[in-house]
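Input: a single structure, listed below in structure tokens.
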Amino acid sequence: TVKLKQIAIVDVFIIAVGFILRLFVGSFSGDIELSRWIILMTFLLALFLAFAKRRDDVLIFQQSGVVTRKNILQYNIPFLNSILSLLSAVTIVAYIMYTVDDEVCRLLNNDYLYITSIFVIMGILRYLQQALVFSKSGSPTYILLKDRILQTIISCWIVSFLIILYL
């Protein structure tokens, strides 16, 4: 995988596949069956966050000339902006499809999960704003720890999810 990590786009897919493998290991060790939706959304979200990180790497290179990874010259800002826009849209659609899926609604005994989509859309748009407007996409963990608006959106998503499921 060392050579593959030097190929633009492939490097990010390797990261996303790594998250999927962790998901499978966790589900295997906990004897939990994974839905196709959690696998798909984990993959899409990992791609989104990793491409946002690549965008930050390109900005660092453009501003300072520092090469943070060998393949950074194979990316540029307009290309990464397009990828982030595409992945954010696909991730939102996948989440909405999850919330209205017949099997999911039957399993959770609830037809109102789609309401939580509001917070997913807001969260992804907020992250896009951080990346594209404020150029703060280097560390998803840092953004999560520092951005009070994003923290509020995620908290609202969790609360709405729990209310819909348990009340």
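Just so you know, the numbers here start at 1 and follow the chain as drawn.
Glycine residues also receive a Cβ, built from the backbone N, Cα and C atoms like all the rest.
Residues or ranges marked as transmembrane segment in TrEMBL: 7-28 (among others).
Positions annotated as transmembrane segment by TrEMBL: 34-52 (among others).
Among the features that TrEMBL reports, transmembrane segment is placed at 79-100 (among others).
Packing against the transmembrane segment (112-128) from elsewhere in the chain are residues 48, 52, 84-85, 88, 91-92, 95-96, 98-100, 104-105, 137, 140, 143, 147, 149-150, 153-154, 156-157, 160-161, 164-165: each is 6 or more residues past its ends and has a CB under 8 Å from a CB in it. Residues annotated as transmembrane segment in TrEMBL: 112-128 (among others).
Through the fold, the transmembrane segment (149-166) approaches residues 108, 110, 112-113, 115-116, 118-120, 122-123, 126-127, 130, 143 of its own chain, all at least 6 residues removed from its boundaries and within a Cβ separation under 8 Å. Residues or ranges marked as transmembrane segment by TrEMBL: 149-166 (among others).
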Handout entry: Cβ contacts under 8 Å made by the transmembrane segment (34-52) with residues that lie 6+ beyond its boundaries
Key = 12-13, 15-20, 23-24, 27, 80, 83-84, 87-88, 90-91, 94-95, 97-98, 101, 104, 124, 127, 131, 137, 140
